[in-house]
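Structure record follows, encoded as structure tokens.
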Amino acid sequence: MTREFLKMHGLGNDFVVIDARSTPYRPSAAEVQAIADRKTGVGCDQFIIVEPATKPGASAFMRIRNADGSEAAACGNASRCIGWLLMEEAGADRVSFETAAGLLHASRADGGRVTVDMGPARLDWQQIPLAGPADTLRVEAVSHGGFGGPVAVNMGNPHAVFFVDDVMAVPLEEIGGALEHHPMFPERANIEFAQVLSPTAVRMRVWERGAGITRACGSGACAVGVAAMRRGLTGRKVDVILDGGTLTIEWTGDGHVLMTGPVATSFTGRLAEGPAEGPADGPVVRHECADA
Ligand SMILES: N[C@@H](CCC[C@H](N)C(=O)O)C(=O)O
């Protein structure tokens, strides 16, 4: 069997998107890893499956799988992409869809950008979750490689934000994995390093849970915005500048976080599911591509 996919990205955080609304699809972790592999598969940071909605008022359910096959409940950049796809499909300017973290609302913004209401920032240690009681404004128990005391924020998924003087000097490749797997994070965590540039601008780099370094992380940008505001370093609306570009983040009076940024389509293709052939070990995903 073959399945059509669309390759999309938000600021270079890239996705293989499958529409499984008419034919169910629950790939194994090994299949997702094979598709996400940049040398032998299509290559992506996350694998996104659009499933039928389960609740009234939602157009679809967005399922998120990381490159390592694990499931995540939130993905900001993919939320803008899927929101845009569903709005295009419906000829609408706003749409609601489900994720494992809850119902999200997307709408068109200026310059072809998309705004997603990412829901409330969750700030209690149990909600992150942390392994034990701690002040989420400065989690003293978390430190590694000379960096410590992050702000912990849950945006539907766990984040730890470290403020630094020079974000480019952080050896993210060396320390990201150990911080993701720190014992204080029982569900692992996405790791952000942030440098405040002004009360309205923050530069950040990210190590994503289940994907490693990516060019952008939408939920991570939301977490950075919330963390900076909680520490009194910025106002309630900031531009978060990632390796792949800029997202505007606003923490509203009702506690919800609004994220605005671009959406891009790259190419379409077909995945051929099937058993391993030749010397490869595990599932092989053959694919062919065309410009979107
Ligand atoms: N790239 C995403 C986040 C994807 C999920 C994350 N790696 C996790 O495991 O929580 C984004 O744009 O938010």
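Keep in mind that glycine also has a Cβ here, set from the backbone N, Cα and C atoms.
What TrEMBL lists as substrate binding site is Asn13, Gln46, Asn66, Gly76, Asn77, Asn157, Asn190, Glu208, Arg209, Gly218, Ser219. DSSP assigns Asn190 (substrate binding site) to a strand. Neighbour density for Asn190 (substrate binding site): within 10 A of its CB lie 28 other CB atoms from the protein chains shown.
Less than 8 angstroms from the CB of Cys75 (active site, proton donor) sit Gln46, Ile48, Met62, Ile64, Thr99, Asn157, Gly218, Ser219, each of them six or more residues away in the same chain. Under the heading active site, proton donor, TrEMBL lists Cys75.
Residues annotated as active site in TrEMBL: Cys75. In three-state terms derived from DSSP, Cys75 (active site, proton donor) belongs to neither a helical nor a strand segment and is classed as coil.
Per TrEMBL, active site, proton acceptor is recorded for Cys217. Cβ neighbour count for Cys217 (active site, proton acceptor): 36 (other Cβ atoms within 10 Å of its Cβ, all protein chains included).
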Cys217 (active site, proton acceptor) to Asn190 (substrate binding site) - Cα separation in whole Å: 9
Binding-site residues compared (Asn13, Asn66, Asn77, Ser219) - highest count of Cβ atoms within 10 Å: Asn77
Cβ-centroid neighbours of substrate site Asn13, Gln46, Asn66, Gly76, Asn77, Asn157, Asn190, Glu208, Arg209, Gly218, Ser219, 8 Å, sequence order: Asp45, Ile64, Ala72, Ala74, Cys75, Ala78, Val206, Ala211, Thr214, Cys217, Gly220
Substrate site span - longest C-alpha distance across Asn13, Gln46, Asn66, Gly76, Asn77, Asn157, Asn190, Glu208, Arg209, Gly218, Ser219, in Å: 16
